[in-house]
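Per TrEMBL, the features are as follows:
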SIGNAL    1-26  signal peptide
TRANSMEM  271-293  transmembrane segment
TRANSMEM  345-373  transmembrane segment
TRANSMEM  379-401  transmembrane segment
TRANSMEM  413-439  transmembrane segment
TRANSMEM  451-475  transmembrane segment
TRANSMEM  507-529  transmembrane segment
TRANSMEM  535-563  transmembrane segment
TRANSMEM  575-594  transmembrane segment
TRANSMEM  614-635  transmembrane segment
Amino acid sequence: MARLDISPSRVILASLLALAASPALAFYFPGTAPTSYKEGDVVPLYVNRLTPADSQYDPKLRSVFSFDYYHEPFKFCQPEGGPKEIRESLGSILFGDRIQTSPFELRMGINETCKGLCVGRYEPSDAVFVNNRVYQGYDLNWLIDGLPAAQLLKDPNTEEPFYSPGFALGQIGDDSPELNNHYDIVIDYHEASANNYRVVGVLVDPYSLRDSKIDGNGKAQCGSADSPVVLNENEANVVTFTYDVYWRLSATPFATRWDNYLHIYDPKIHWFSLVNSAVIVVFLVAMVSTILVRTLKKDIARYNRLDQFVLEDFGENDEVEDGVAEDSGWKLVHGDVFRSPKNPLLLSVLVGNGAQLFAMTALTIAFALLGFLSPSNRGALGTVIIIFYTLFGFVGGYVSARTYKFFHGESWKLCFICTPVALPGLVFAIFFLLNLFVWGRGASGAVPFTTMLVIILIWFIISVPLSVTGSWLGFKQAAIEPPVRTNQIPRQIPPAGGYLRPLPSMALAGVLPFGAIFVELYFIMNSIWFSKVYYMFGFLFLCFGLMIITAAAVTVLMIYFLLCAENYHWPWRSFTTAGASAGYVFASCLLYWIKDGSWTSWTSGVVYLGYSALLSSLVFVLTGTIGFFASWLFVMKIYRSIKVD
Ligand SMILES: *[C@@H]1O[C@H](CO)[C@@H](O)[C@H](O)[C@H]1NC(C)=O
């Protein structure tokens, strides 16, 4: 008879999979409260920066810079009295949003055709600039009632239509770049109650019409789409901007208005990668537990039996038994395994920062998974990351201090100071340098100076004191006692070859945690470089969990082999072994560059490489910390179980 096998791990796996499926299908809270409009009410249209986009025809990343909508050479029409900045959250600004008012006049429920905006005059230098941006495939980003203006696209696999935020600045037709100067704005609105309307969808169809005109009375005439605007780079050009507005009654309620936008291109690939890494994890965990349970038990029993034996027959079989007992294995290094590593300060600081990063990442993903970081809450993700990172300064300080104490560190002041400075300092330095490049290009992706100042203040006033307090508490606690005493004289380490050498062991072990996250990493990079919303937090959550387990398991395995080879330098080794997955992350960034990137300006390349290096160093600290703590626990556990006289 077939037995129904319901092991707890299966139940957990099944519920995790169920959990992943729901957020993958766009689970979120509507976020902001709905705004209702009466018929004829003005619905404001805000403009955001221009971003490089992946067009369907040419999915290449050609630039990493974004531009302010009112960047001079674009000559876009400004509202009377000049554009005004819309206030935004810190996270939103950090992630590049620059939202401003516009001259468009949209009235709820009232259709308009061919409304004139203004006339733009392009000097040859402006024409060169705009044509280059068209070649690079830039997108315009507008916001109407918090919804991004989108293009209607079809999923190439399922033919299912969906809204893709952003629409083209221009297109390449007959080998020449055409600038779009007319916009068909189609707004879906929902009637919540009588004469009480809400915006639930925005589509924009851009056109290039050379023969549009605005006459003396401000009346506009739209040209035909057969003759597009091509800016001549040798003489001045005049372009008339116009727009249409169409209001379409929709059955979509406000609460689900984001559903059309959150489209998952290829859910299969996420599932595939998830199952793939789950298999690796099951395999690894099985291997580690076999070693832990079987081999270790046997080792421990043998060691302890031999001890007894040696004691009982002391004097007779002394030499023989000693020879057997001292043959090989991890027990031999018991007098050295808790010897302080080289540079304990650096390791403690890294581990403290890693713990802080880990706490922040885990909580942010959990928050996102619960639907708190809905895409309608612009910048919520960035803001939450900053808040959590700041608050977890406490954890960083505490962990760093306790680790340092365990390693008998003595430069306490340095430890207190370096922990809150190290990683934020590195991040800030890279960030600042890259920003200089972006400023130099006159692009607007650069973070404003005031925002930088605010971030430094938050860090200095909240994060640093928290970290120092944490360090102080950790310092006050009794040191963690190692289970075995450390000998005076360090033991010779026999030379080991093969995969136990540092580089091969890193290359071998680092690939597995990377394997757990690389598909999600690809999507995250896509969303960073093409400024798309990332919302597959269900998958990310599972991948993150798998990554933790893989990193821990593979490092423990490596450290076990290392100790068996009588090499006791586990602290740094565990950190670098697990951290090596960062090398793979960097390599995958380079691969992404080769595959999806194609740009001529070297500044784009520098900025891209800079951010890739930043991402990789964060991954290094994060995974390294996971590996280190897993190994620490493991080493404490196995040496506690043997008897040493
Ligand atoms: C506005 O245009 C849309 C789309 O063409 C149409 O469905 C709708 O009936 C029009 N509304 C009015 C008031 O004419």
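Placed from the backbone N, Cα and C atoms, the Cβ positions cover glycine too.
Automatic prediction, not curation, is the source of TrEMBL annotations.
Since this is a predicted model, take the numbers as computed values, not measurements.
For the transmembrane segment (271-293), the most Cβ-contacting stretch among 451-475, 507-529, 614-635 is 507-529 (pairs under 8 Å).
By number of Cβ pairs under 8 Å, the transmembrane segment (413-439) is matched best by 379-401 from the list 379-401, 535-563, 575-594, 614-635.
Sequence-distant contacts of the transmembrane segment (575-594), counting only residues of its own chain at least 6 positions beyond either end whose CB sits under 8 Å from a CB of the stretch, comprise 347, 350-351, 502, 505-507, 509-514, 518, 521-522, 525, 551-552, 554-555, 558-559, 605, 608, 612-613, 615-617, 619-621, 623-628, 630.
Long-range Cβ contacts of the transmembrane segment (614-635) within its own chain (Cβ-Cβ under 8 Å, at least 6 residues beyond either end) map to 337-338, 347, 350-351, 353-355, 357-358, 361, 423, 426-427, 430-431, 510, 513, 547-548, 551-556, 559-560, 563, 570-571, 574-579, 581-583, 585-586, 589.
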